[in-house]
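These notes concern the structure reproduced below.
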Amino acid sequence: MAVYNYDVVVLGSGPAGEGAAMNAAKAGRKVAVVDNRPLVGGNCTHLGTIPSKALRHSVRQIMQFNTNPMFRQIGEPRWFSFPDVLKSAEKVIAKQVTSRTGYYARNRIDTYFGTASFADEQTVEVVCLNGVVEKLVAKQIVIATGSRPYRPADVDFRHPRIYDSDTILSLGHTPRRLIIYGAGVIGCEYASIFSGLGVLVDLIDNRDQLLSFLDSEISDALSYHLRNNNVLIRHNEEYERIEGVENGVVLHLKSGKKIKADALLWCNGRTGNTDQLGLENIGIAVNSRGQIQVDEHYRTEVSNIYAAGDVIGWPSLASAAADQGRSAAGSIVENGSWRFVDDVPTGIYTIPEISSIGKTERELTQAKVPYEVGKAFFKGMARAQISVEPVGMLKILFHRETLEVLGVHCFGYQASEIVHIGQAIMNQKGEANSIKYFINTTFNYPTMAEAYRVAAFDGLNRLF
């Protein structure tokens, strides 16, 4: 068994692992990264964010072709199979792997591919994919192993018609009807994707409102557009059992309902990838979902071991994970790059997409904050009309007296891009955070960003 010494060893090469490794390497530390796949990128690149967003992009293009009257001069609506659409995602994955492999090489970061486990607080043993065992000794270690779909013991995921959000990418046919159990972010995104391919989707929600952490108006808009695309949303339902049959799946609900479909996609929760790390050897405990508790510096119970990304739970976003990993390494190298990551915009890639940052109306009302609302509807925006993207709106919440921007909520075309302008203003200190910025700033025309100016005028006109 060969022994290699490093300053920092990072377990996982997803967004959190990459962020930690790059920051430590640029600070002059000798760094190694371990991943259990034969390629870098983590779950985000291979099974999560990248393939699902690439799928969504392809489906949006199909939907635009099939609904835009101009294209009727070319031909009738076209329908594509799920495997056909998946091919475009596979091309993006390959490009991402090539790019990220280059990042590690340029920064002289050693990569190991295999299963890592702790021998002690400074030693990690790696069983490489070729069977060779390597021992990595480091002063500091960052756990960034990510998460995987939660699989309850009473659901038979070996059945060929029962999938989770990882295995759905191996779906070799296009089901006529699909049950999606779990109406969180992933469930809603896949409901949009499959309904866009003409699949009849039953979306099972354990709660009484979709994505209740969103502003209520945005959540209601999402519900409307999913239903408008033939997604049947069933609220306040829980499964009794899931029965795999020869030609599909039967979902038995506690309410007494039975639903049959060609396949079932399980999207109800995630579990931290910690069960094979040997954490019991170093005294680190995990919660019931396999997640590790950390302090504000992303340090675990063991002083030289840090954790970041999905493996620590909230907010479980690739964007936040990258910053958490970078901040964890910043705590290690003390180069001033540490910050506690809590100001994170929400990006939900449904069709249409959603993005928000800051407080919702519900939160401000409960806190008795005197706020006002400014709105811009995309159907009136020149750029949206040109792009034939009339669905959506931008909503700004601001303080009636100080004019401070308190929240930005966007639904529709380019929402995840638009939100960052509001985020930049909200991050300004004192009087610099003001809705008047949007009034006193000249925006390019026609653009979607111009919605801020329209919404600001709308909101200020409500004051008296």
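Here, residue 1 is simply the first one shown, and the rest follow in order.
Every residue gets a Cβ built from N, Cα and C, even glycine.
Annotated features in Swiss-Prot:
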BINDING   D35, N36, R37, P38, L39, V40, G41, G42, N43, C44  FAD binding site
*Taking each of the binding-site residues D35, L39, G41 in turn and counting other Cβ atoms within 10 Å of its Cβ, which one has the fewest?*
L39
*Sorted by position, what residues of the same chain at least six away from R37 (FAD binding site) have a C-beta under 8 A from it?*
H46, F113
*Once the DSSP letters are reduced so that anything not helix or strand counts as coil, what is D35 (FAD binding site)?*
strand
